[in-house]
Amino acid sequence: MSDENENGRPGGRTPMTLKPRQGSVSAGVVKQSFSHGRTKTVVVETKRTRTHAPASGNLAAPSSAERRHGEAPAPRPAPPQGGGGGSAGGLSQEELRARQRVVDAAREAQARQVAEQAAAEARARAAQEAAQREAAAKAAAERAAAAPPPVAQAPAAPAPAAPVTPPPAAPQAPRPVAQAPVAPSAPRQDAPRQDTRAAAPGQTRTYEPSRDRRDDRPSTTTYRPAPQGDRPFNQRAPRPDANANFGQRAPRPEGDRPRGPRPDGDRPQGDRGGYRGDRPQGDRPQGDRPQQTVRYSALAPRPAPGARGPGGPPRGPRPGVPAAAPATPEIQRATRSAPRPGGGAMDRRPDEDDDRRKNAAPNKAVSRVKGAPQRREGRLTIQAVAGDGDSADRMRSLASVRRAREREKEKRRGGAVEQARVAREVVIPDVITVQELSNRMAVRGVDIIKFLMRQGVMLKINDVIDNDTAELVATEFGHTVKRVSEADVEEGFIGADDHDEHMDLRPPVVTIMGHVDHGKTSLLDALRSTDVAAGEAGGITQHIGAYQVRLKDGQRVTFLDTPGHAAFSSMRARGANITDIVVLVVAGDDGVMPQTIEAIKHAKAAEVPIIVAVNKMDKPGSDPTRVVNELLQHEIVVESLGGDTQLIEVSAKARTGLDNLLEAILLQAEVLDLKANPDRSADGVVIEAKLDKGRGAVSTVLVNRGTLKRGDIVVAGSQWGKVRALLNERNEQLQEAGPATPVEILGLDGVPSPGDAFAVVENEARARELTEYRIRLKREKSMAPVGAGASMADMMAKLQDKKLKELPLVIKADVQGSAEAIIGSLDKMATDEVRARIILSGAGAISESDVMLAKGAGAPVIGFNVRASAQARALAEREGVEIRYYAIIYDLLDDIKGVLSGMLAPIQRETFLGNAEVLQAFDISKIGKVAGCKVTEGVVRKGAKVRIIRQDIVVLELGTLQTLKRFKDEVNEVPVGQECGMMFAGFQDIKVGDTIECFTVEEIKRQLD
C-alpha cells in the first residue's frame, strides 16, 4: 500500500522517514564498512517500552507473562491524532473513560459466552485431540521417509483463548499435552478459507504489535481476537481458571520461555495465525513451507502490523497465548482511529488484509511494478546495522535516493528544460583549438565536434582550427565574432600622423651617395671641417655614418655617409629610405660608375630628390660635361638642360664649391617644407648598431618625430631597453634629441638590426609583448623552410642539394651593418656546386663560445675589424680552430672566393690522339688477351686513355693502354698505317672488329666568376 493511498484515511500510515522519532524512540548512528571500500552511516532507532499499571485504566497490550497464561489481550488504546498533551498512553482522560466503558461492556459479553462455550468445548476436545494426533503422526511418518532429520521435541500446540469471566478464580493447572516428533514440513499450500464476516458480524480483529521476540527475526505479529467456533482442543495452552479476572491471574514470568531442542528445517506450519474464519475440518496439508524472499524498501510503506510479510499470511498468536477478546463496534472504531505510538497506522482492515494475503502467490517475492519508479530498497533494521550482508547490499545512500527522486520529478515534468543559449561576443585569434573555442562560447566541446562532423570535418578536442572555421562555428551557435590577430600587438607602435598646427620646421636629412673612391667622405669632412677619411682602413668607408653640421647662420643639416663598395648595397638602400635629399657624388675624372648607377636607382625607388656634386674638379682631366651626358643615359636631367636636378662643381681637397653645395641643400629643403612635431613620443630608424666591450649594445638612431629623452623605454626590432645615455657624433652627452637628430643610445638588451624602426612605448609590459611577438615571428620564419618540399620537384632539388659543397663560417664584425654586408656578398658568390654557409654572424669581439661553435661545425672564424680575447685565442689554439682577421672587405671577399673556387670540381678536358682497328685477338698464357691492331688515324701512345667501341656501343670507357708493342719490341708510340699489339689494363674482352679510340685527359681548375 503506497503512502498516497493511506494519507486520507484516519488510521493510515504516515510517510516513513530516517529522522529520529521523538518521545519513545531513541536514535543512534552506526557506521557500516563494506568489502569493496564503501562506508555508510545509518540511523538506528530503539523503541523504549512503557509499562502501565493494571489499575490505571490504560488498556495497553498485556505483558508476555500474561499472554503465556492465556489471557485475552485487551484492546490497545488509540492515542489522539493531534498528539496533544494527554495521559501516559497518549490519550486524554475523557478518551480513557470512554475506552474503559467499552472494555467493561466487552467483558460482560465475554462472561456470557463462557458458559455456552464450555460445554461444547468439553465434548469436542477428546475427538479433536485424537484426530490431531493421528494426522500429526501420519505427516511425521511421511516426512521422515523422505528425509529423516534429527527428532526434536515439538512445541506445545496453541489452544484457543479462554473466555474471561468477571468473578475471580484460582488458575487451573495446565493440562499435559502429548508430544510428537516433528519433521521439516513440505511447502505449505494454504487451504481455502471461508469469510466468516457474514456469520459473525459483530466480531472484528484488532492487531497489536508483539512485545515478545521469540526468535531473531523482526516480528510484525499482532494480536487478533479469538475466532468463534470449535478449535482442536489439543492445540490449547494450559488455561487458567475460567472465573479468574485480569487482576487475579498469576503474572507471567519475564523473559523467554524455556525451549527444548529446536527441530531442524522449517517449523510445522498451521499452528500460528490470526483469525481466518471457520477452518475446514480434516487433515492438514502436508509439505514444507515455501521459502519466500522478503524485500523491504525505505521508500515503500512498511508492512502493516500483523502482516507476515509480502506474499505470506499473517501470523496469529503463539501457541498457548490466548487471543484478544472480541471487540464491539465501538472498540473497532477506536482501534482503527488510534495511531501507533511511534507514528503510522497500527492495523489494517481485516477484509483487505485477508483478500490480499489469500490472493498473493506463495513463492513470488514482491517486485516493482513495470513502469513504476524505481524506489530505494532496503529497510533500516537491527539486522542491517549488525552486518547482515543481504540487508547491507540493499541499502542505498540518502543522497542516491534524493537524486532518484529528482530524476523522477524531471521525467514527470517532461525532462529537464534546456538552458537557453546566451549570445556572447567570442574573440577568435588566428588559430584556436576546439577546446579553447568551446570555453569561449560556453558550449560543450562535443557539440562543436558534432557540428564539424556534419560539415565533413573530423577533428578532436585538441586539434587546431583556423579563424575562418572558428567564425563559422561561432556564428552557427548564435554568437557574434570579434577576430583578432597576434599582429594586432603592432597596432599603435608607431603613432598616428600629426596635425599641421603641431608641426615645426626640422633640419633636412642629407645622404651622401656615390661610387667607391669618388670622395664622398672627403667632401663630408670638408663640410664638417674634420678629417674622418684619414682614419679609415684602406681609405674607404665601410660603415654608415651620421653627423649633424651647424651652419654659420645657425641652421643645421644632418648628413649620412654611406659606403660606396658594392657589398654595402643594403646600407645605401637604407640611407635612401630614411633621407630627405640625396647628394650624388661623381668624380669628374672618372664619370658614372656601377655604384653610381645603383645609387641613382635607390634614390628613384625612395622618390627622393637628387643633387649632383661633381667632385675632384681640381684634378686635370676632370670633365663635368662628360658627367652630364652620362647622367642623361640614366634619366637624370640637370637644370642646365631644362631639368630639375641641380649640379654643383666642388673640390673636397681644395675646399671649393662647398658653399654652393650647402646653398643648394637648403634651397631644396625649403622647397620640401620639412616639418615635424617635437612634443610627442619619439620614433625613428636604427642606422647602425654595434656591440662595445665596455658599453654593451650601442645603436645609432635617427629620430624622425618627437623628442627622445633619457629614461625612455625604447623598442627597436626584437630588442628593448631603457635609454641610459644619449651621445652625439662627438661623444657628447645629451639629455634629449629632437627630430632629424642622429644619436647613439645605450641601454638596449641586444644589438638591433640596421633599418629596424624604433619607438618609445609606455611601459615595460608593452615592450616585452612587442619583442616576444617579433622574436617568435622571426623563429617561425627561420623554421618555415624545414617543412617545405612536398612536391616531386622539391624532393629532386633536395637530392641535388646533397651534392652541394658548403663552406661553414663564423663571422664577427665591428658593427651589425658590416656583418650584414659581408653575408650579402657571400650569398652572391654561391653557385650550384659550392656556397658559404653562415653558422653565426654578429657584432662584437670573438668570444670563447664563438670558438666552440666553430669547432663543432668545423668552420673558421672570420673577424672583421675585431679581435679575439686572450681566452678565445688560447682556446682556439688548443682546439685547432683557425681565426682570420680582416680590416678591408676586399681582402675578406677575395680570400673566401679563393676557398670556394678550390672546392669546385676540376674540368676534365679530352685531347684526341688517334684510332686503331682490331684485326686479330691472341690469347697468350700467363699474359692474357692481346689485340693485334692497325692504326687507322693519328697515333696511339702508351699510357694514354682508350675507349673501345663495338658496333657503335662503348664497351670500355676511360681504359688505359698498358702495353704497346711493335713486333716484339715495346714502343711508346705507333703512327698511322702501322700494325701493333695492344694490351689493356683490366680488360680481356677483345674481339675482332673493335675500334680503339686513344686520347689524353687534362684537368683544368675552375674559378668563381
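Keep in mind that glycine also has a Cβ here, set from the backbone N, Cα and C atoms.
Annotated range for region 'G3' in Swiss-Prot, selecting from 497-500, 561-564, 693-696, 877-880: 561-564. Looking at the stretches 615-618, 643-646, 679-682, the one that Swiss-Prot records under the feature region 'G4' is 615-618. Taking Swiss-Prot as the reference, the stretch among 539-543, 824-828, 894-898, 959-963 described by the feature region 'G2' is residues 539-543.
Note on the compositional bias 'Low complexity' (111-121): DSSP counts are 11 helix, 0 strand, 0 coil. In the three-state DSSP reading, Lys520 (GTP binding site) counts as helix. For the compositional bias 'Basic and acidic residues' (94-110), DSSP puts the residue distribution at 17 helix, 0 strand, 0 coil. Counted within 10 Å of its Cβ, the other Cβ atoms near Lys520 (GTP binding site) come to 27, all protein chains included. According to its DSSP assignment, Gly514 (GTP binding site) is in a strand.
Residue with the densest Cβ environment among the binding-site residues Gly514, Asp517: Gly514, by other Cβ atoms within 10 Å.
Averaged across the region 'G4' (615-618), pLDDT in this predicted model comes to 87. Remark: Met617 (GTP binding site) has Gly588, Pro624, Glu649, Val650, Ser651, Ala654, Thr656, Gly657 as non-local neighbours, by Cβ distance under 8 Å and separation of at least 6 in sequence.
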